[in-house]
There are 2 protein chains.
Amino acid sequence: MVLYLVGLGLGSLDDVTVRGAKALDESSYLYLEAYTSVQEDLSVNFLKERYPTKEVIEADRTMVESACDDMLERAKNSVVSFLVVGDPFGATTHADLFLRAKEMGVEIKIFHNTSIINAVGTTGLQLYRFGQVVSIPFFDGTWRPTSFVDKILENFQMGLHTLALLDIKVKEQSVENMIRQRPIFEPPRFMTVNQAVEQILSVLSDRNLQEDNVQQVEKHILTPQSLACGVARVGCKDQVIRFGTLEELRHFDFGRELHSVIICAPELHEIEESFRQLYSK
Amino acid sequence: MVLYLVGLGLGSLDDVTVRGAKALDESSYLYLEAYTSVQEDLSVNFLKERYPTKEVIEADRTMVESACDDMLERAKNSVVSFLVVGDPFGATTHADLFLRAKEMGVEIKIFHNTSIINAVGTTGLQLYRFGQVVSIPFFDGTWRPTSFVDKILENFQMGLHTLALLDIKVKEQSVENMIRQRPIFEPPRFMTVNQAVEQILSVLSDRNLQEDNVQQVEKHILTPQSLACGVARVGCKDQVIRFGTLEELRHFDFGRELHSVIICAPELHEIEESFRQLYSK
């Protein structure tokens, strides 16, 4: 039959498109991608309530990456929907799934939706002034990959904004549970704007201390006083947008997940400046 | 009452979100932004058929930029929807409208949707590997602005893809009609992938001829043999995706509007390469 790849957008199940909702109605199986889905009203339980006659399956990352063939086999004889928060092509994993479906001769249809990549326009920062997107990983002890700062600086120097997507840790096992092979998982962790800004500032500070980098850092002039914009729960009812210096955002409380950060270009255009004022109060 | 800014997505009216559709149902006035809306099934007539009891108004660019206060006045006492193809924050004009509503104390709500900025992921090219978006304007005689090529080259050198949005000309007047103040407009024009590629290649060729630029051009190594991807009607039923060298895409027939072009990074990742093969047949 068919596999529907359905983007859910960013808010609730009612942010699916009308055509996407029809696809879900038609389906016998609903696979909910659990890796990026953290909204309560986009949970497996919520889906089961909404669709009591359908089989609802939580698809964690391992399943999507390694055990997706079972799902694709089902899609040969049934209507199967794979539900993704945001847009279906937001993650490499889903591009891979698309290719695998094609290889196996399974018909596949895409239902696009908004994702943070375009919804970030709601800050008033113009989408055509964004450079490459970066991801900020949780630092862990001495594990401090810093290439995201290089990309932020590249964009900044080119007069562009940078959208930074923040790390999510779900289904993590403690070392002890891993060794004992106990299927006990740590509570999910979501990087906050505060943590992201903290990590950016600590990398900048480290570099400043290394003498041979001082000149480079001065040229970029990205400092704790540079402008950024923190966002939380974009597209949800309790969305928060807040402009401030990196130093200010380090302490501003954005509430629960998900958060993202934009490191602003050195200069704002007129309309962007008006939005900054609107969202600085 | 309220102004709803409703993103329509890229396909048909059924690509609005379920919440967006409810907003339209609630509204007394529907303003359809005509500047970027070129789909037949997203026309004023189609909306009038679907919503026979509502007042449907075509909002051209002039109206949105200068005469939007009437619409906002209406939104003080009625439920008004302003319908935009793609996402509401895709254009500076709408950011401006948002600010104006805030100034006038009009309540405003956003309904996000997909736009070419994120739906371009459907090509298999990874969104985090895109640099700054560019717009390619129609060359007109000696009017040949070429800064878009500089941005493409910047992205290319950084190992990034470039999404190029192509010019749309609607409600254009001939010089004669303008002088005589006759409200007669030329048929709308949409830049094709072929025209866009033609313009890119002609700029590269011009630069190659200027001796002092030869070295720079050689460093970038963007040539007629470089890889690109043309797309047409993304998100619609008859969507076309086609990879090829710039030279090849210059002649490939993508059918009717809307078209966009991606100038690929010098190297593709493994999954991207699989998509290239899929969409080169």
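Each Cβ is built from the backbone N, Cα and C atoms, and glycine gets one as well.
Remember, TrEMBL labels are computer predictions, not curated facts.
The S-adenosyl-L-methionine binding site feature in TrEMBL is assigned to B:LEU10, B:ASP87, B:GLY90, B:SER115, B:ILE116, B:LEU166, B:VAL234, B:HIS259. Counted within 10 Å of its Cβ, the other Cβ atoms near B:LEU166 (S-adenosyl-L-methionine binding site) come to 21, all protein chains included.
Annotation source TrEMBL lists domain 'Tetrapyrrole methylase' at B:3-178.
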For the domain 'Tetrapyrrole methylase' (B:3-178), mean pLDDT (0 to 100): 91
Mapped DSSP class for B:HIS259 (S-adenosyl-L-methionine binding site), helix or strand or coil: strand
Around the Cβ of B:LEU10 (S-adenosyl-L-methionine binding site), the count of other Cβ atoms that are within 10 Å: 23
Those residues of the chain, 6+ apart, with a Cβ under 8 Å from that of B:HIS259 (S-adenosyl-L-methionine binding site): B:LEU166, B:PHE190, B:MET191, B:THR192, B:VAL193, B:ALA196, B:GLY230, B:VAL231, B:ALA232
For B:VAL234 (S-adenosyl-L-methionine binding site), nearby residues of its own chain (Cβ under 8 Å, 6 or more apart in sequence): B:LEU10, B:ILE116, B:ALA119, B:VAL120, B:THR122, B:LEU258, B:SER260
Packing count at B:GLY90 (S-adenosyl-L-methionine binding site) (other Cβ atoms within 10 Å of its Cβ): 23
